[in-house]
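**Q** Below is one structure. I have some questions about it.
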Amino acid sequence: MLDLKFVRSSPDIVRHALINRNMSTELIDSLLEYDIAWRKCLTEGDELKHKRNVVTREIAKLKKENKDTLSKIEEMQGINSRIKEIDDIIRDYKSKIHEIMLRIPNIPSSTTPVGKDENDNPVVRIVGEPRKFTFTPKPHWEIGEALDILDFEKGAKISGQGFTVYKGMGAKLERALVNFMLEVHARQGYLEVFPPVLINEKAMTGTGQLPKFKDDMYLCTDGYYLAPTAEVPVTNLFMDDYIEKLPVFLTAYTACFRREAGKHGQDTRGIIRQHQFNKVELVKFVKPETSYDELEKLTNDAEEILKLLKLPYRVVNLCTGDIGFSAAKTYDLEVWVPTQEKYREISSCSNFENFQARRANIRFRTPDGPQFVHTLNGSGLAVGRTVVAILENYQREDGSVEIPEVLRPYLGGAKEISNEVKT
């Protein structure tokens, strides 16, 4: 959430940011109207309370002098009635202002390029060369079904479209990747945590998923939301709290749940876009002056997984029209998918500055008083999409899949997934 004082003093900066995000400026216009009315009511309320104090003293004086107080008491009743009306109006304006503030996105950083959509995202670097196949590569879903390690039919049978059952070496590969990613990030200095995946509304609001993305979330009947990403529970570990020692680096594996699988006809086959998927997350809490250096380091930490797996990828700097609601700056890591002949997102690494911390009230102490921390996070990585990249980039002509060398210790030394080695 932005600082209301900043919005009030620099409305044109916020309007410009909304325009660059391809958004209407109606929100800021409505906010400023309510803010003016709210402050006017605050002034009137203060004046009425001052007047009430004056009348109270006048009544006391009249009583002391045994004089008639009826007119002053009637005046006091009128003042009290108006104060109650004003207080109700103030509460209503304050609620409306808060609701609008929750819907205003973060202001992109000066190093976030201006653009309309993903086509305007500049490439920062390309790492690795896409493999040149001597045969026509198969998509991951065909490989998975042929090797009997991915069962889309059973997933649809027990849950519906957008769910998959991993079997045998498929399940082991998924688990191996989770363990591998967590161990790499632990060596990088992140503390592993294992948080709940049922999240309350306050926590979902703190990281910016609510209210804007409510329709993309799974809401349980008792009011809990299923975590769309580990970013939510991990960031909110410090909700309404002070962090006594910065920086704090955390990593977590969770299952994630989103309603968007196969939306608009995209990725309706395979496991690139699922309602339930696994992800390893990186989260940082840092001082404001270090947050952009820490974004570069966090991005490098996520990249290390791709480098160790020897998967070709690129890094793009998201433009203002593509960046997430809460982010000030984001790098996407995109892994090469041979059968699509393009790079696909496998991680987003973002600096939120104090946007999330202000919503979740996460602070640290300074000699000048409390300040909001800066929060950052990134996928390290999306596990299912890493499986996609391995199956497609490491496939062989005979239908088997080579296991990346770095994963073999996590799979009992197995070197391949084939119809002979499936369990």
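Cβ atoms are placed via backbone N, Cα and C, with glycine included.
Just lifted these from Swiss-Prot, have a look:
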{"type": "BINDING", "residues": "Thr229, Ala230, Glu231, Glu281, Ser379", "note": "L-serine binding site"}
{"type": "BINDING", "residues": "Arg258, Arg259, Glu260, Glu345, Ile346, Ser347, Ser348", "note": "ATP binding site"}
**Q** Tally every other Cβ atom lying within 10 Å of the Cβ atom of Thr229 (L-serine binding site).
**A** 22
**Q** Measure the Cβ-based neighbour count of Glu260 (ATP binding site), defined as the other Cβ atoms within 10 Å of its Cβ.
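**A** Looking across every protein chain shown, the total is 16.
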**Q** Just give me the nearest neighbour of Ser347 (ATP binding site) among the binding-site residues Ala230, Glu231, Glu281, Ser379, Cα to Cα.
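**A** Looking at Cα distances from Ser347 (ATP binding site), the smallest one goes to Ser379.
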**Q** Looking only at C-alpha atoms, tell me how far Arg259 (ATP binding site) is from Glu231 (L-serine binding site), rounded to the nearest Å.
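**A** Here the two Cα atoms are 17 Å apart.
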**Q** Tell me, which binding-site residues from Thr229, Ala230, Glu231, Glu281, Ser379 are within 10 Å of Ile346 (ATP binding site) if we use the C-alpha atoms?
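**A** Close binding-site residues: Ser379.
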**Q** Across all protein chains in the structure, which of the binding-site residues Arg258, Arg259 has the highest Cβ count within 10 Å?
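**A** Per the Cβ count, the most surrounded site is Arg258.
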**Q** Rounded to an integer, what is the Cα-Cα distance in Å between Ser348 (ATP binding site) and Ala230 (L-serine binding site)?
**A** 13
**Q** To the nearest whole angstrom, state the Cα distance for the pair Glu345 (ATP binding site) and Thr229 (L-serine binding site).
**A** 15
**Q** What is the total of other Cβ atoms whose distance to the Cβ of Glu281 (L-serine binding site) is within 10 Å?
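**A** For Glu281 (L-serine binding site), the count of other Cβ atoms within 10 Å is 31.
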**Q** Where does Ile346 (ATP binding site) sit in the DSSP three-state scheme?
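**A** Its secondary structure by DSSP: strand.
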**Q** Using only the residues recorded as binding ATP (Arg258, Arg259, Glu260, Glu345, Ile346, Ser347, Ser348), report the maximum Cα-Cα distance in Å, whole number please.
**A** 19
**Q** May I ask which residues of the same chain, at least 6 positions away in sequence, place their Cβ under 8 angstroms from the Cβ of Ala230 (L-serine binding site)?
**A** Pro195, Ala252, Tyr253, Thr254, Cys256, Lys279, Val280, Glu281, Val283
**Q** Residues other than Thr229, Ala230, Glu231, Glu281, Ser379 within 8 Å, Cβ to Cβ centroid, of the L-serine site?
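**A** Surrounding the site, in chain order, are Val232, Val234, Ala252, Thr254, Cys256, Lys279, Val280, Leu282, Val283, Asn377, Gly378.
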